[in-house]
Each structure stands twice: as C-alpha cells, then as structure tokens.
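Below you'll find the structure, written out as structure tokens, and then a few comments.
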Amino acid sequence: MIAVSFKCRCQILRRLTKDESPYTKSASQTKPPDGALAVRRQSIPEEFKGSTVVELMKKEGTTLGLTVSGGIDKDGKPRVSNLRQGGIAARSDQLDVGDYIKAVNGINLAKFRHDEIISLLKNVGERVVLEVEYELPPVSIQGSSVMFRTVEVTLHKEGNTFGFVIRGGAHDDRNKSRPVVITCVRPGGPADREGTIKPGDRLLSVDGIRLLGTTHAEAMSILKQCGQEATLLIEYDVSVMDSVATASGPLLVEVAKTPGASLGVALTTSVCCNKQVIVIDKIKSASIADRCGALHVGDHILSIDGTSMEYCTLAEATQFLANTTDQVKLEILPHHQTRLALKGPDHVKIQRSDRQLPWDPWASSQCSVHTNHHHNPHHPDHCRVPALGFPKALTPNSPPAMVSSSSPTSMSAYSLSSLNMGTLPRSLYSTSPRGTMMRRRLKKKDFKSSLSLASSTVGLAGQVVHTETTEVVLTADPVTGFGIQLQGSVFATETLSSPPLISYIEADSPAERCGVLQIGDRVMAINGIPTEDSTFEEANQLLRDSSITSKVTLEIEFDVAESVIPSSGTFHVKLPKKHSVELGITISSPSSRKPGDPLVISDIKKGSVAHRTGTLELGDKLLAIDNIRLDSCSMEDAVQILQQCEDLVKLKIRKDEDNSDEQESSGAIIYTVELKRYGGPLGITISGTEEPFDPIIISSLTKGGLAERTGAIHIGDRILAINSSSLKGKPLSEAIHLLQMAGETVTLKIKKQTDAQPASSPKKLPIPSHSSDLGDGEEDPSPIQRPGKLSDVYPSTVPSVDSAVDSWDGSGIDARYGSQGTTFQTSGYNFNTYDWRSPKKRASLSPVPKPRSQTYPDVGLSNEDWDRSTASGFAGASDSADAEQEENFWSQALEDLETCGQSGILRELEATIMSGSTMSLNHEAPTARSQLGRQASFQERSNSRPHYSQTTRSNTLPSDVGRKSVTLRKMKQEIKEIMSPTPVELHKVTLYKDSGMEDFGFSVADGLLEKGVYVKNIRPAGPGDLGGLKPYDRLLQVNHVRTRDFDCCLVVPLIAESGNKLDLVISRNPLASQKSIEQPALPSDWSEQNSAFFQQPSHGGNLETREPTNTL
C-alpha cells in the first residue's frame, strides 16, 4: 500500500504540464494515472457510492485549478481528472481525482455537454458549490496479513486545512458506513511535510474528539473548527510476516520509498560473538520501516544496498542509510525476540540471503522465501497468503522457513481496534476523559480532591483505585522527541477544568523507556507550571518549549489499584512487560543470605507497572520468576531471567512480615510521635547497618533530652518512618540524613516490636544498667554470652499486664519465649520458650537452636516448673477467634493513648514490660483464685456465666503462695528505678445492661480541663459498679469505636445503640479513683437522667473487680 501511495505522488508531480484550458482535458490525459483511486469511465456502483458538498471561493478572473472530463456528448459523467498543484481546488483538500461532479451551484450536470460544463465553471461567480459523488474507500480488515496500530500526529494548519482529503464516515445505510479514511495527502502540504500520514490511514480523533460514528460532513466540520494546531489520532496498517519470525538465518529485505524520505530507523552498535555489529536501535511509529513489518528493534544490519557493515562505524552506517534511493536493500539477521508476523505487501520483498555466518547453524541450508502480493482494487490492504513449497534439502529437524497462518478471525472496518479496551496498550477508548464514568465523576468534583491517597475511586472496568503523584524527567530523543501526546479539552483555547491526559506514548521513546508513564495519566504540571486552569494550547506550548532544551519535568497523577494483598503466605503476581521497558522492581541479595533463602524486592519504582498493581511492597520475598525457582540462583541470574521474560511476567511472592496490615497479630504497636526541637537536639541515638532491610533502632536516649521527656520513645524502639518518609529498605546512612534534614518539627513513626533479634544481625545494642541482668535465655545465660539488645530481653509490644489489662488467654498473642524446649498451649496458640513471634512469621525464621533444658535466668524456673504451671494454669481454654479481636483491640487502645496525649500511660506500659511482668502468662495455680495473681478482671469469653469476685494482681509467674524468689525482689527494684511516677492504668470492661433499670449504671460528662468523656456518677450495685468502673475513668473506646476526641453528644448515642452488651476501654488515675471511693455514696434516687447505661446482672455469677496495686 505504501508503494502505491508513493507512485500516486510521483505521477501527480509528473503531470504538472499546463493545460490549454483550465477546465478542459487534453488528449494525452485521457488515460487515468497509474495507481489513482477508482478512476473509471462508468458510474460508481450504488453500494460503493458516497456524496459530499464542496464549497470553493475564487476571485474574479481566476480559475479553480481543476480539470474536468466527461459530459453527455462524451463517454461518461463529468468527473475530476486532474487537480493543478497550488490551485484553489487542490488547496481546499476536499476534492480528489476521480470524483464525479453531480451539480454546480444547484444546476444538475446530467444533461450538459462537455463544453457547457466548462463554460458553466468559468462563469459561475466567486462562490462555487459542487455536489460531488465519490467511491467509498475500501474496508480495511485486520486479519491474517495486516495488523492495526495507532499514532498521534500534531499538525499545524495551512490556510484552513491540514493537507489531506478525508472520505467515508457514518451513513444511514450500514453497508456504506466507513471509518473516516484519509484518501489523499497533498504533496507539499502540512501532513506531507510531517511525513507520518499516508493514504489509507484512518482518522480516529481530532484533539480528543472521537470521530467514530460521525458523518463525513461532521468530520469535516470538526477539522475546520479546531485550532491552528491539532493533535490527530491516526490508525494505520502494519504488514506482518511469517518469514521474518521463522527465519533461521540472514534475510534480504527490499523496501520501496520515496527518494529523500526517511526510512524511520535509528541505528546503534552492539557486540555479538565478540564482534561489533550494527543493530536497529529505534523504529519511528508509522514510518516506512514500521509499516513494512519486516524490520524490528534489535535486528542486525549486515549490509545496506550491498555494502557490508562488518567494518563500518555507526556514523558511516547511518550515512549509508540516509543516502539510499527509492529501493532500499537491507541484509538483516532478525532478532531472536522478533514478534510473530504474517505476510507483507508487494513493495517489501524478502528472500533468504546467501551470506553465511559462523554462528548461524542453518547457514548451509539454501532456502529462499518469496512473498507474492495480490492487490485488490476494492481492498488494497488485504493480502492473501500464498502456498509455499519448501526444498527437500531441509531436514525434518530443521525449522521451517515460514509458517502459513490463515486465521479466519478478522475485524470489520467499523469495529476499530481502538474499541478493544484493555487489549491494546494504545487504546483510544480508555484515554478519553469523557469515555468512562470515572472521568465524568472527576470532572464534576474538584479535581484536587483526588490527590488524597485516602480517597479511593472507581477506575476502568469498575476497579477500585487510589491516585498518587510522581515527578518524571524526560530527555528528548533526536528521532522520537519526548514521545508523548496530550489530550485535553474540545477546543485548544478552552480553559482546562481538569489536567490534560497522556493519550499516546510512542514506542521506544524516552516516555516509554522511563517505565513510569502510561496512557491515561494526568499531567498536573510541566516544568513546575500547573496545567489546570490553563488552556490545552498552553500545555502543548510548554512541551514544545521544552524540546528546545531537550529536557522536560512532568508531574503526573496516576491510578494505583486497591488490590487485595495477602497478609502472609505466598501468592502470584502477573505483570505486563514491554521490550526495553523495565518492570520497576529492584531485587537484592542480603549479605546474610544462605543457600535456599529467597531474594528480596529492595525497591519499587513509583509509577512503574509493579507499583501500579498495588500488590508488591518493599521487603517482599521473590521466590520464582515464570515458574523458575530462585532459591539457588544468584542475583545476577535472577536479573537475567527477568530481562528475558516476554509479554507477561509471573512472579511468585512471599509476603514480608513487616508488610502485614495486621501488625497486632504479632503484638506490634505502631504509633507516631511529633517532636518540636526549637533549635535544640532531639536527644536520640540510632543504630543499624547499611543492609537495606536491617531495622533502624533507637539505641540510646539523652538523659532529660527532648525524646526522653515525651515518655513515648524508648531504647529498643524501631523507627519506621521519619517525616512520612519510610525507612523500609533504607540503610542507616539514609536515616541519619533524613534526621539531619528534618527541620524544626520531626515526626517519627515508632514500632514497639516483639520480634527477637535475628540471628544474622551483626549488631547488638547496649542496654541500660537497670536491665543488664535480663538475659535472652536462648543461649548460655552467662554475662559474656548474653545479647545486649533490649528487644531480646522482653517483647516490648506485648500489652501491659497490670490490673487493667486482660489475661493472656484473652490477648490472643502467639508468643514463644525463652529457650526452645517445652511448648505451652492455650487458647489455640502456642507459647514456646524460644522467642515471641506470630504464627505468620515462623515460616521465615532462620533455623532455631537445639533444645536446651536450662532455667530462665530471671525467673529461675526449669522446664519442669513450666510444665507443672501449665498443667494447672492452662486448663481453661478460650475461643481463638476472640483472641484475634483482642489483639487488635489492645493495639488500637495503646495508639489512642499516644495520640490523645497520655504518653504517661505508654511509659507505664513500658515500665511494666521492663519489670518482667510480661512473663506472667496467666497461669492459674491449683489453689484458690484469691491467693493467685490475675492480670485481668473480665473474662467475657468464658462459656459459663460471668462471675463477680475480687482478686489482686501479682507480677510473678503463677505459682503457689509460698513461691517467692530472688527474681521478684529484682523486679520490684527495677520497677522503682524505671517506672514513671505518673499513676495511670488501662482497663477493658465489659458490662451487661441491668434488666430491671434498663441501664448500665453510670453517667458520663465532658472533661473540664482536658478534652474527652469521663465517668461521672456510678449507681451502687449497678452493672458499672459491679464491673469495676470508678468516677473520673476516661472512655477511650466504646464498642471498639475510638472516642478519644469525642464529647458526650457523640458518646451517649454509641452507648445507647450498644444493646445489652457494652465493651469499654478506659484509662484511670488510681489516685483520683481512691479519692472517689472516700466520697459518700450517691442518693438512692439516682436515675437514668445522668446518661446511665450498662450490663445485666441477670447473667448471674461474679464479675471480678480490680484492685489496682501497681501505681506507677
């Protein structure tokens, strides 16, 4: 088809002889030019006939510049046989050679003689209206020989046209409906000078206005009304060839082109078999090389027009290619990743080269492949695949030179490929800002609201997404430029109400190679200048200005899928991959990696394909690529496997424990602390390593410093983020840099973790003197071998075990503690004496030490003692489903304490943990409850009815009353040294409504000096009183709803809607509670008017009250 179009152009140029009369046809022009579209003497068949109205304006004394033949006295209807270059008719871009003129200014020419028609056209006046009939363009079918592609072209108007003629469009008769087809490109016009558009291309949109379903007249009107610069989306045909894909050696490719026209190929050098070779680096979209289908990126160029490239430099090869004539002969060695192709048209001849290469295993086979193209005048794009015969010299094991494919599947002309949303990467439908419901919603609301990561919206195909922004710097390419086209409002001068979209990305351009930009992304700013509230023309001008400096900085907004991410275990992720475009993930091998350990995803490029899935996170373990296991592969092998993947990459991932959304399942507490330094130091020392995924730990605090005074930061805490910049995958040096650059206000995201120190970690943190006697219990407890990291000594994220905290069988935390040996089971969870870890994390633990039957250094209990305690203390099992709810419950409560300013409670919790009370695993001794320590008052998950009794709390391991050891004295001493003087407790209370009074037996009031809701009055013997509530208790949660910032107006409805059961989390100042006890009892007429509510005594039993004995 390309050869045909070029022949047309040459013939037109050769026919620039001056006619004797501007409207007469010379005898030498009786024969239509070779290759002209449907020039016939007879009428056009009705099913192929289209019509249009052409309006021309001419000055007095000038001619239209067209030659008309035919008439009633001639051999056919009046038709246009020639258009003079530069004439009015030619520059109008509305007429084409072969069009039939039906009427002039309403005068029907059916019965006019030839000389009468000429006379009418001469004397018609300044305004000429022609009714024209033309042959509809042929149907372009995407089938076995042709595939469709799209490209965006930006053209500047010349006069009021772009230098091409369009035909087709929608019609009332479906058989006459066609896409809008470009049938002629005027030589020397804007489209011809730009060089991309060729006759036969389909025009899909103009400045984002889709032309599908528009009539010819409507399409012409849109072209006229657009601005002086317009962006056109063009669909073109690409020939595809089996002979290239199945070639076993060098091929000779002949491509026809106009002399002086560029082939559209950029070359580079590469090394193959220790020799420098010339290869195709880039192919411009819609260029001659792209349309022919025989050349691909990566092909080796062996010769150009017979000149060998073996000893040529890159500059010489480029010059040879530029000097080629109308027939380019290239000898190529196809790249091994050449895409599957079909047959090509007759202007591309492919045959086997005689050149034998030392690395070519089929060099001795003499096989030639000839492609015959049969041209159909009605369907010039359609190619038939000829039958091929193969020489007998080919052995049965040799690959065939060509694979014939005659797939019956094809697409009609009006089922454009651009409508297959999600199939083609350059889909027009998905890029239109008005093509989806999502875009319409974004246009109705303030667009800036979508910048919030917390606001999810519905994207294409109904997928839930959230938006993110990133900055991209592009460096222009000499051939393709930046390689992006924008799509904005209907008119170029219209102010944009939403940012322009990226509607097209050119293949192998800087925009595609960066791996970040995708079609449909919103361009928020260009070189720092916001695009919103500006015009589309201004946005395009910014891009054009950037091409002068060959560099542009884009701020883009894109969609990230809200994927369902497994919190543990393994799963598969499939990512689409393009040639020369990275997936956006960086893999690394930890220095402590052992044989069989997986590789780790150490970085994910923002905006990349991997990032947009919303599934992958830093630290995830990469187990396999395309079902190739990586446990025995080096990092270099894995990178090579990743680079060799085609089209779709399948990754097998194991989730990193730190990426789990349910941190509470491991007892982790994560909260944020804001420090205002006011020019002074923070007073913290951090330690870590340069390994990306080693934790950054607070190793020491300056005495009386800013961090220590907050009461929320402690030695051994892990820093997750600094000023919202995550430290995930970052070394110690980067964390130090972030702290140095943090400014006056520093926000730290802290994690109190229960994880034991990894065996592979090379560093241990020093611990304060007051805890130096606390050992790990993992190895010999001698002082020399004791690890020094504080988190090894105690799990600092375990909920507080004072009288306010629920029992261990209610906390639902899977804990493994001490030396590996005896395993204790309760509530469906294992208490192992190795370390504290979640069940999700066990699979990734390094091999544990051999079991040792030794005593715990601080407790003095052997495995036998643990067993004896287990036999008596773990008899009552509880529901494990409630356990998971409990762990979420406590973590939220602790976070509430931090965010509401009660950092003293956190200090109390820390001190309780450091005191060693975390070893109290709620073992119940065989003796009476009143003699044993309990950590919680409310056992609401028991299948029996609640019981009301009173107990006191003990900081020792469950045992009989006589078991007092040196450990207890040590713990008490540590409590005196460590614990904060702030008296505060944390309680969880479950109440059942009084069936008689229909309330919970207490009233609430707003705080006077501090924001919050507090217990005011308590009815004696009511559910609140029996449940242990006291005046001045602060309500942190009501039925798992955080109420730290609520007032009574919001809390009272929550309590009223709770039904018969009410779950509360309260904080208590024991001193205030003791004062309230001394106050006289309330009068007997205490009523519901004090906002009283809570639990039924009809459930019977004894609900325990807590006697706070541990004031901090």
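Note: Cβ is positioned from N, Cα and C throughout, glycine not excepted.
Owing to the predicted nature of the structure, the values given are computational and were not obtained by experimental measurement.
Taking Ser43, Ser700, Ser917 one by one, Swiss-Prot attaches phosphoserine to Ser43. Your range for region 'Disordered', going by Swiss-Prot and the list 151-196, 841-886, is 841-886. With Cβ pairs under 8 Å as the measure, the domain 'PDZ 6' (672-754) is packed most heavily against 572-657, out of 53-136, 150-238, 471-560, 572-657. Ranked by number of Cβ pairs under 8 Å to the domain 'PDZ 1' (53-136), the listed stretches 150-238, 252-336, 471-560, 572-657, 988-1070 are led by 150-238. When pLDDT is averaged over the domain 'PDZ 6' (672-754), the result is 86. The DSSP breakdown of the domain 'PDZ 4' (471-560), given as helix, strand and coil counts, is 18 helix, 35 strand, 37 coil. Note: the stretches the domain 'PDZ 4' (471-560) and the domain 'PDZ 7' (988-1070) are not in contact (fewer than 3 CB pairs below 8 A, sequence gap of 6 or more).
Here the domain 'PDZ 1' (53-136) is broken down by DSSP into helix, strand and coil counts: 13 helix, 35 strand, 36 coil.
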